[in-house]
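Q: Pasting a structure here, questions to come.
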Amino acid sequence: MKSLHALFKPTSSPTKTKTTTSSSSSTTPTTTTASKTRKPTTSSSSNAPLPSPNPLETTTTISKTSKNKPKSSLSALFIPPTPPTEAHIISLIHGSKTILQLHQIHAQIIIHNLSSSSLITTQLISSSSLRKSINHSLAVFNHHKPKNLFTFNALIRGLTTNSHFFNAIFHFRLMLRSGIRPDRLTYPFVLKSMAGLFLTELGMAIHCMVLRCGIELDSFVRVSLVDMYVKVEKLGSAFKVFDESPERFDSGGSALLWNVLIKGCCKAGSMKKAVKLFKAMPKKENVSWSTLIDGFAKNGDMDRAMELFDQMPEKNVVSWTTMVDGFSRNGDSEKALSMFSKMLEEGVRPNAFTIVSALSACAKIGALEAGLRIHKYIKDNGLHLTEALGTALVDMYAKCGNIESASEVFVETKQKSIRTWTVMIWGWAIHGHSEQAIACFKQMMFAGIKPDEVVFLALLTSCKHSGQVDVGLNFFDSMRLDYCIEPSMKHYTLIVDMLGRSGQLKEALRFIERMPMNPDFVIWGALFCACRAHKKTKMAKFALNKLLKLEPTHTGNYIFLSNAFAALGQWEDAERVRVLIQNRGVHKNSGWSYIEVEGQVHRFVSGDHDHKDAKAICLKLEEITAGAVKQGYIPGTEWVLHNMEQEEKDDVLGSHGEKFALAFALICTSPGMTIRIVKNLQVCGDCHSLMKYVSKMSQREIILRDMKRFHHFKDGSCSCRDHW
């Protein structure tokens with residue numbers, strides 16, 4: 001960084017001095033302006049320092065060099081430089097790159113007594129806010145007197161932009177109490193703060209103030225009013241303001257007003273109104289198309305979104321990103337990656353959000369090869385590893401089974417947010433590496449990042465998977481006592497699950513009874529599963545009775561209840577729940593498994609024989625099952641939760657999607673190559689057992705990700721140590 005002393009150096013050189021000695025015994029130095037430069041007669045004056053813009057520094061220098069000299073000689077040693085102008089200071093503020101540079105410029109402003117300049121103060125507040133240094137903005141504002149409209153506007157805008165909504169409203173009230181009248185640049189940010197805090201009545205009061213001021217027809221204010229009403233879910237009021245806008249049919253600059261209202265309709269799920277508005281627009285911009293496409297995507301209608309996308313006269317990076325993100329969020333990760341690839345083929349350069357959406361799609365289905373190609377694209381195009389990109393890459397590698405690469409990217413990511421740390425801790429946790437998860441947490445603490453409730457969920461998950469009950473209980477106590485974080489139902493569920501899995505069923509029940517909130521369906525379900533795993537039938541029935549007293553809140557609860565009855569052999573009760581499920585139109589999510597082979601993702605559904613290689617896959621599955629039986633594998637028919645004959649149970653077990661994926665991988669991949677499978681449900685005990693035998697027979701590592709964790713099968717054993 002260029003020295004600020006150099007930036008503030010005087011525009012003209014100080015005059016040289018010459019000393020005259022009188023004939024008397026006492027000498028009196030005098031200064032004259034010479035037309036030609038002449039070396040001073042005194043030897044010490046030849047070492048006089050250059051003038052400094054800092055008065056303190058100048059004083060120190062003079063005191064050192066003028067020791068044992070008459071005081072009257074000070075004027076000969078220092079002539080103040082020409083002070084910087086207001087325009088020069090403002091240009092420096094605009095040219096600053098970091099908050100440190102801005103602080104240094106602020107120091108020079110104080111040194112040169114320019115703090116009273118309203119224009120300079122306004123620019124300082126704006127620049128500090130732009131760099132997210134709100135405390136500095138507030139300090140500059142508080143020390144400036146007298147305050148005026150411009151300084152208030154700059155601060156309110158900065159606070160709102162940085163989501164300090166309450167503080168923005170506080171300073172707006174202070175502005176009014178100070179007798180300063182707001183203008184057209186004040187109200188839009190105040191309205192945004194009202195919307196951010198969902199203060200509907202206060203927002204309407206601000207609308208009244210706007211009407212009294214007579215600035216309701218200002219386009220900036222009107223768009224902000226519509227946006228505020230949309231965000232506080234007052235769509236009728238938003239339409240009223242829109243209908244009263246005389247410029248709405250002006251094709252020149254009304255697009256923003258239309259887009260805000262279309263977005264509001266989409267957010268409210270009123271897609272018919274959104275489409276009607278879109279068709280009535282005088283001029284449709286790319287943003288208008290993308291807004292409506294995004295609305296359909298967020299409402300789960302990707303067919304209409306795709307239809308609109310195809311109709312777009314000109315597609316840009318925003319529209320492509322909307323489609324990639326839409327498919328990814330709606331569970332069609334394969335289509336999301338296909339759209340991303342097509343985007344690159346069309347020559348459209350993705351932005352950071354596009355890449356994050358594509359990496360998210362890779363993470364969901366375990367498409368490691370696709371993720372590696374995207375990472376290569378980031379490197380080849382010199383994209384900076386921002387916090388968002390780094391976090392997405394760590395998440396992708398962790399969820400695709402390559403925790404080592406996730407750790408490497410984590411180290412390379414310099415800008416780490418709490419989300420980055422959380423994703424890395426989760427990665428270690430779901431892979432069963434509890435020591436690394438805890439070590440990562442300690443590093444986060446040393447970095448000065450305060451943990452939140454999600455971080456503790458990751459830590460408790462890690463302890464649960466590794467069976468470290470005491471460590472988990474310590475973390476649970478620490479979050480309450482040391483960090484004042486009130487545990488949620490999810491935290492309590494993890495503790496019950498952790499105690500239950502370790503066989504401490506009585507302790508788990510006592511923990512439930514001491515809970516400060518009523519245990520829900522998931523809590524009792526966790527206890528039931530633990531009792532079933534440890535074959536404690538009596539307590540399992542107790543937990544089941546508790547479950548029966550709770551009304552199932554979603555599909556999964558009904559399915560769990562049916563399976564619970566089946567697990568205890570209560571087939572009539574299980575059938576009764578299944579009939580209830582059918583009568584209420586509850587649909588069970590089918591199990592699926594993904595596997596990526598040579599860059600192509602293959603999806604297998606339980607009991608699905610529609611794959612083009614289905615015949616070969618079935619033959620291979622029979623072969624590996626027979627080989628495993630010879631090695632001691634016994635099909636775990638107890639995992640079939642239906643009342644049927646033994647032969648039928650064997651058939652059901654053999655049709656699980658992860659087994660099809662395993663057989664397909666053994667056919668299509670090279671010997672010794674790691675097999676990676678992703679499953680949307682928890683792996684059953686029978687599939688888990690078969691994977692162990694196949695890993696030993698094929699001498700391959702099999703990495704299986706289910707809905708709970710990763711299982712690394714190698715040489716006949718699993719990383720979970722049969723504890724999942």
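Start at 1 and count along the chain as shown; that gives each residue its number.
Yeah, the Cβs are placed from backbone N, Cα and C, and that goes for glycine too.
When I checked TrEMBL for this same protein, it listed these features:
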- 1-80: region 'Disordered' (REGION)
- 9-75: compositional bias 'Low complexity' (COMPBIAS)
- 148-182: repeat 'PPR' (REPEAT)
- 254-284: repeat 'PPR' (REPEAT)
- 285-315: repeat 'PPR' (REPEAT)
- 316-350: repeat 'PPR' (REPEAT)
- 417-451: repeat 'PPR' (REPEAT)
- 632-724: domain 'DYW' (DOMAIN)
Q: Could you give me the DSSP helix, strand and coil counts for the repeat 'PPR' (417-451)?
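A: Breakdown, helix to coil: 26 helix, 0 strand, 9 coil.
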Q: Report the DSSP secondary-structure composition of the repeat 'PPR' (316-350) as helix, strand and coil residue counts.
A: 26 helix, 0 strand, 9 coil
Q: Mean pLDDT, the repeat 'PPR' (417-451)?
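A: Mean pLDDT across the repeat 'PPR' (417-451) comes out at 95.
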